[in-house]
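See structure below.
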Amino acid sequence: GGTACVVTGQPFDTAKVKMQTFPNMYKGIVDCFVKTYKQVGFRGFYKGTTPALVANIAENSVLFMCYGFCQQIVRRIVGVDRKTKLSDLQNAAAGSFASAFATLVLCPTELVKCRLQAMHEMQLSGKIIQGHNTVWSVVKGVIQKDGPLGFYRGLSSTLLREVPGYFFFFGGYELSRTFFASGRSKDELGPIPLLLSGGFGGSCLWIAVYPVDCVKSRIQVLSMAGKQAGFMGTFVTVVRTEGVLALYSGLKPTMIRAFLANGALFLAYEYSRKLMMKQMDSY
């Protein structure tokens, strides 16, 4: 599921990070795509793909594993049987709990991904003299400068994004599946309803938490050039100096990516899960 998400959405994610961190460099999504292609070539859209793959595979593995556990916790809290179907709202709460665990594996890999994606802009703006163009060089730079804890820059803003965001993510997904199932079992849904449900869930997540993600990207990327203020300090600075709209820079590529990538994520997740369950049953 995580692999399908990255392969589908990485170019749009790269545009998002560039526009969030350096909103004055680009007039819009088309301008960002054209300039990136001219300056770096097609490979520029896939900068940070390796850490993005690691991040998404690790995050979604932990997320969906913990989602099952958190569903059982929700069942205990509301006092129902282990096999009772949860409501869409209860599933949303379980997804929100699960995201807190996923954040711990996501934050370090996403920091490396964001820095690789915005390396060219950091050099152009003069914030750094020479950029690190490989995963290993970025990892080595973080360890040398800040130590292992340096990988957790932006952890609080990542948590602020993930916990409420995944409430809307799973809530939107389950609500959409309920709509398409219309009385039938959700497990009987075909690929198109699953794609649309995943896309809807992803769109709900990003609409709800986009300003928080913008602040997170700034903290993780700009901390390369020196000590960066925390979440509230960065948030206030952006609003005062650039205006509220700066927090929504890169929203368009994000929404395109959210629908395509999360549709692919849930489709791959549901079908791989069913395949594994069949394998288990055969044993």
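Using N, Cα and C of the backbone, Cβ positions are placed for all residues, glycine too.
Residues annotated as repeat 'Solcar' in TrEMBL: 1-73, 86-179, 189-275.
For the repeat 'Solcar' (1-73), the predicted model reports an average pLDDT of 85. Across the repeat 'Solcar' (189-275), DSSP helix (H, G, I), strand (E, B) and coil residues number 77 helix, 0 strand, 10 coil. Residue counts for the repeat 'Solcar' (1-73) under DSSP, helix first, then strand, then coil, are 65 helix, 0 strand, 8 coil.
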